[in-house]
Amino acid sequence: MAEEFLNTHNASILLSAANKSHYPQDDLPEVALAGRSNVGKSSFINTLLGRKNLARTSSKPGKTQLLNFYNIDDKLRFVDVPGYGYAKVSKTERAKWGKMIEEYLVTRDNLRVVVSLVDFRHDPSADDIQMYEFLKYYEIPVIIVATKADKIPRGKWNKHESSIKKKLNFDKKDHFIVFSSVDRTGLDESWDTILSEL
């Protein structure tokens, strides 16, 4: 359990960064969280940290436009990556986000693993697939977390999991976690898997 290693409730937003000159300058391990807009990234962060609104959840997707660094008990950081695939953002803006995300993922020595969130209800989007392929290409460790599991009857979980894995061309060596911020399904497994990568 995570509590044995760190006080998960001792968490705060540290800073927001647009480029590497703004990144924290130390060697704390970092876990990046990526996913398309409205996949439930903020809810995932809040559930893991046992907080209601540390990460701001928004009904307006595409709100996170910077890399948000969260300090967790001075032992590790979560890095909330801007949600991708939001239609109402201009192409220029999207390209800017893409560059910012890529710079962080490829150059950041502190980065230990990326939690890539997908919506359990649907097949992965082209952006989801592209993100997974990008991480595999650069050999960045990745955990797939399928959110909103409470919206799917348990009897259909296997079908949805198989479908997502097939579309992603999922590597069996990677972790796949079924998660719900509503009933906390996958909470312990998420922490155990993240900590095993640090």
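Placement of Cβ uses the backbone N, Cα and C atoms for every residue, glycine included.
Record features, source Swiss-Prot:
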type	residues	note
DOMAIN	27-198	domain 'EngB-type G'
BINDING	35-42, 62-66, 80-83, 147-150, 179-181	GTP binding site
BINDING	Ser42, Thr64	Mg(2+) binding site
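Known features from Swiss-Prot, placed on the structure.
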residue: Gly35; record: GTP binding site; CB count, 10 Å: 26
residue: Asn38; record: GTP binding site; CB count, 10 Å: 20
residue: Lys41; record: GTP binding site; CB count, 10 Å: 24
residue: Ser42; record: Mg(2+) binding site; CB count, 10 Å: 22
residue: Leu66; record: GTP binding site; CB count, 10 Å: 16
residue: Pro82; record: GTP binding site; CB count, 10 Å: 23
residue: Lys148; record: GTP binding site; CB count, 10 Å: 21
residue: Phe179; record: GTP binding site; CB count, 10 Å: 27
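Between the CA atoms of Phe179 (GTP binding site) and Ser42 (Mg(2+) binding site) there is a gap of 13 Å. Reported as a whole number, the C-alpha separation between Ser42 (Mg(2+) binding site) and Gly35 (GTP binding site) equals 10 Å. Summed and averaged per residue, pLDDT over the domain 'EngB-type G' (27-198) gives 90. According to its DSSP assignment, Gly35 (GTP binding site) is in a strand.
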